[in-house]
Every structure is written in structure tokens, then in C-alpha cells.
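Chemist: Quick one: the structure is below, and I'll ask about it shortly.
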Amino acid sequence: MRSDMIKKGFDKAPHRSLLKATGLKDEDFDKPFIAICNSFIEIIPGHKHLNEFGKLVKEAVRAAGMVPFEFNTIGVDDGIAMGHIGMRYSLPSREIIADSVETVVNAHWFDGMICIPNCDKITPGMMMAALRINIPTVFVSGGPMAAGKTSKGEVVDLSSVFEGVGAYQSGKISEEELKDIEDHGCPSCGSCSGMFTANSMNCLCEVLGLALPGNGSILAIDPRREELIKQAAEKLKILIERDIKPRDIVTEEAIDDAFALDMAMGGSTNTVLHTLALAHEAGLDYDMSRIDAVSRRVPHLCKVSPASNWHMEDIDRAGGISAILKEMSRKEGVLHLDRITATGQTLRENIAHAEIKDKEVIHSLENPHSEEGGLRILKGNLAKDGAVIKSGATEVKRFEGPCVIFNSQDEALAGIMLGKVKKGDVVVIRYEGPRGGPGMPEMLAPTSAIAGMGLGADVALLTDGRFSGASRGISVGHISPEAAAGGTIALLEQGDIVCIDVEERLLEVRISDEELDKRKKEWKRPEPKVKTGWLGRYAQMVTSANTGAVLKVPNFD
């Protein structure tokens, strides 16, 4: 066993002595040591219940004849961090999580790992670590929260609250109505109830094969999630016995399948960023052109909030992720069904008995929302290395208009609230990319303000930053190269005409190459917003969004 490094042989007497101080007995040294990587944090509703999850996981691991050791990671609640400097720490927290998990697991030579994530950057951070460490691993997420209901019976979620702010600002609802939405938008523990980033990543974790069937859709408060925990411990023991590791599971084909599900469900645009980072950790050469190829062959079968009024509880009721995959498998060339997963079985075996139970929620191949996926990769002279739009969250497929330029999210939100944006405008928020932000903050507050003011179909928004999974409308993010790297978005001037063509996958500014070259020569890189601390180091090391915004290792040659 891998853990023999710290527990076997006469020279490991000091190690065993320390381990006995934690409560271990001599007989425990013949059992696998299992890292229980938890993320219990009281301020994050998606993680507040995970201390109890950790106890259940440890009980299940002991029952399977193994020895559990629990530790915790940090985490950031993107909703609470939204709209202030806290959002700059969100994406960078992914790297801290990955590094901290790597540190604990490799320092103590564990034989296997069970990860208990749930929310936005915590799930991908743990997944990155699992691929980096590459020991047998199973994920059991905390699960989604249920949607809420206002006193009038209206179904609401977190995006409803954000949009309610814009609606109140524009006089569409009263302060009492906003308070009603606030009080009911997040009714319980769990990840926010729509197809936002947390649920998108937990669903992708399931189809990648690192989590068990049901992981993406079973609610946090559903007793079936406890059954998942028991299964996870049993499956981990099988993975250890068969030496099946994350890099055996997360192959190029598995990532294709993850993006196929993403396209079928119209997941968060953040999945592109995180899954490219996973590919990097797995040592795979995977880029945005391959994502675009997946988008072209996968129909959009399922619209979940914010693209519709359906929520994760509805997906679960309709058959869950397995039912969506089973329907997708009917189309040749969409899924790779014979690859291994954390169950110890193939994807084909995992979904064999699944079926759609509500075709209003999960559409059939014969009745898709669209013939192509719910995410699109756009390119053009404004995004030479690519940009991402959640095409399934807008009915507008082509938009052309003049730029209204803001050099930060704060500046943009103030401008929107002051009425500086009107119907037909293209809002540009720049210098918010991985380096420029730094930290590539999400633009949920501006998109929600636009939607709440009733301009969601009449105003486009472009940024080198990110969007929350709760964002909707004509929102194009991840524009690469970013402004801080001298990308075209940095060269735009007030009133320039921008064209967004979703069907043709184009993002263009209507000016000549000669004019762009002239502006590039005149452009001067702004001073970094942050020069010290973690964000200062992050800005120096982070790569572009089109490569997953991972940290580059300095060249010591």
C-alpha cells in the first residue's frame, strides 16, 4: 500500500507513535489510509451541512474496512463575494484548494481519497488536485438546494434575487416584493438550485466518472444522498483494489462526454474554464476548438434556470443526469460509452436502466430546444483565442450595436444604474480577465441589473471576465486575449460597432486591421491593480482564460 511509507518497518516507529496519538491501533496499520477531503464552511450555504456529511463518510469508510482521516479546504461563496473585492479571490481560490489538497495528501501518503465539495471553485479545485495526485478517488458532492417560493407562490432562486435588485432600481417591483424574493430565494442548505456553476460542475463530475450516478441532481436534503456516501466508500475500496486512478478515468474521451452533457444542459460558461484546467492537470492536449466541435454535434435537450423555470429538483425527478446521458446515447458519435468510471463499471453500464420520466423537463432527441449545444465558442478579431456564450440562455442569435465601454465591473454597474446604457448598446467591461482583474471576477451584478431593468434582450455585454452560471441574456465572456495582455478588447473605443453572431460563432468589431494596428501601437498597459499578496502573485503567474486560467510554473532553465 502507498501508506506503508509512513506505517511499515522498524524505522517508522516514530510515525506510528504519532498516528497512535490520533487514536489508531496496531491493527489499523494493515488497512488502507483514506483522505476525507471536506469543505465544511459555515458562511457558504452549499457547505454548511458538510460537517455532518464528513461524519457519515468516515463511518462508511470504517465500515468498508479502511481508516479515514478528515481534513478541510478553504472556500469562497461566489454569491456573497459578488460585487466587491471578494470576487477577485474566487477563481484564485481554486488554485489554493488544489495546492492544499495536494499538500495534505502527498505529505501523508494516503492510499485513496473521498472528496466532499459542492460550490463553485471548490469542486474544480478538488478535481484538479485529484488528477495531480492521481490516487484512487471518489467524489460525493453536498447536493443542490431546492428552489424557493415567494408568498405569492412564485418559484424563485438566487438569480431571481439578483435580478430583483435591477427590477427594484427601475421601479418594476416594490421594496416589499424585493424583500419577499430575498427571504425565499435560498430556502435551505445546498448549492444554488439552478444550472449555475456549482451544479454544472457537480453534473460534469458525474459524467466524467469521478462521482457516482445521482451526484449531480439528488438534493442536499434528500436521504438518497446518504446512500451515495455509503456507495462511495464501497466503490473506493474497489478502485484501490483494481488500482483505478483519476487519470485512468479522466481521458480526452471523458472530457468530450463532459462537454457533451454541458451542451445538452446549457451549463455555466465557467465549465469551459474549469474543464480546460482539468485537462491541463491530466496532461491532456485539449483546447477550445475541440469544445466547439462537441457543441456542433450535441443537441440542447434540457433548459434549467436561469434559461427556464426548471431547477435541479426537476432534473432529478425527470430521471437525473443518467436519463439525459441515456437519451444522448441514442445519437451515434455523441458519447464514449465503454470507458471506465468510479463505479468500477463503464458509462454504458451506469446508465443502462435510466429513462426520461418527464419529457417537458428533459426533451427527446426528436424534440430538442436546438440542434446544437447550449454553449458556443465564438472567435473573430475581437477574440482571436476565443470567447464563450451561454447560447441556451438567450433567444437572440445576432446582435450588432455601439460599444459603451467600462474599465471595471464597479464602473459598469454604476453606469448601468445611472442609465448610461440604453437599448441597442453593447456594454464592454474590460481589464477584468485573469491577469487584469486580477482573478477574472464574475459579472452577475451587471447582467442581473440589465435583466432586471427589462433590457435583457436589447443590450449585449462583453467582457474578458467571467459570468456566473446564473447570468443570462446576450453575455459573452472569457474574451481572449484579455485587455491586460493587449487583446483587441483593450483597443475598443466608445461607439465602435460590435457584431455578435451566435449561429456563425463570430465576435467582430467593425474596424479595419490597419486601425487596430494603429491603436495597438498607441496602447499602454495600465499599472496592475494589485501588486502584493496572493492576488499580486496570482496576476504574475496566471495564464489566459482559453487555457483554463491555470498557474504557469516558472522556467528555471
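Positions of Cβ are set from backbone N, Cα and C atoms, glycine also.
OK, Swiss-Prot features for this one:
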- Asp78, Asp120, Lys121, Glu442: Mg(2+) binding site (BINDING)
- Cys119, Cys192: [2Fe-2S] cluster binding site (BINDING)
- Lys121: N6-carboxylysine (MOD_RES)
- Ser468: active site, proton acceptor (ACT_SITE)
Chemist: DSSP three-state call for Asp78 (Mg(2+) binding site): helix, strand or coil?
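Modeler: In the DSSP reduction, Asp78 (Mg(2+) binding site) maps to helix.
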Chemist: May I ask for the distance between Asp120 (Mg(2+) binding site) and the residue listed as 'active site, proton acceptor', taken between their Cα atoms and rounded to an integer number of Å?
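Modeler: The residue listed as 'active site, proton acceptor' has its Cα 9 Å from the Cα of Asp120 (Mg(2+) binding site).
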Chemist: CA-CA, which of the recorded positions Asp78, Glu442, Ser468 lies nearest Cys119 ([2Fe-2S] cluster binding site)?
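Modeler: The answer is Asp78.
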Chemist: Out of the binding-site residues listed (Asp78, Lys121, Cys192, Glu442), which are within 10 Å of Ser468 (active site, proton acceptor), Cα to Cα?
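Modeler: Near Ser468 (active site, proton acceptor), where near means Cα within 10 Å, the binding-site residues are Asp78, Glu442.
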Chemist: Excluding Asp78, Asp120, Lys121, Glu442, which residues of the same chain place their Cβ within 8 Å of the centroid of the Cβ atoms of the recorded Mg(2+) site?
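Modeler: Neighbours found: Val76, Ala81, Met87, Ser90, Leu91, Cys119, Thr197, Ala198, Asn270, Arg466, Ser468.
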Chemist: Taking the Cβ of Asp78 (Mg(2+) binding site) as centre, how many other Cβ atoms lie within 10 Å?
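Modeler: Other Cβ atoms found within 10 Å: 30.
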Chemist: Counting only residues 6+ away in sequence within the same chain, which have a CB under 8 Å from the CB of Lys121 (Mg(2+) binding site)?
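Modeler: Lys121 (Mg(2+) binding site) has long-range Cβ partners Gly75, Val76, Asp78, Ser90, Leu91, Ser93, Arg94, Ile97.
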Chemist: Could you find out if DSSP has Glu442 (Mg(2+) binding site) as helix, strand or coil?
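Modeler: Once the DSSP labels are grouped into three classes, Glu442 (Mg(2+) binding site) ends up as strand.
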Chemist: What are the non-local neighbours of Glu442 (Mg(2+) binding site), defined as same-chain residues 6+ apart in sequence with CB under 8 A from its CB?
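Modeler: Non-local contacts for Glu442 (Mg(2+) binding site): Asp78, Met82, Met87, Ser90, Gly465, Arg466, Phe467, Ser468, Ser471.
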Chemist: Would you count the other CB atoms within 10 A of the CB of Cys119 ([2Fe-2S] cluster binding site), including those on all shown protein chains?
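Modeler: The answer is 28.
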Chemist: Specify the count of other C-beta atoms within 10 Å of the C-beta of Cys192 ([2Fe-2S] cluster binding site).
Modeler: 31
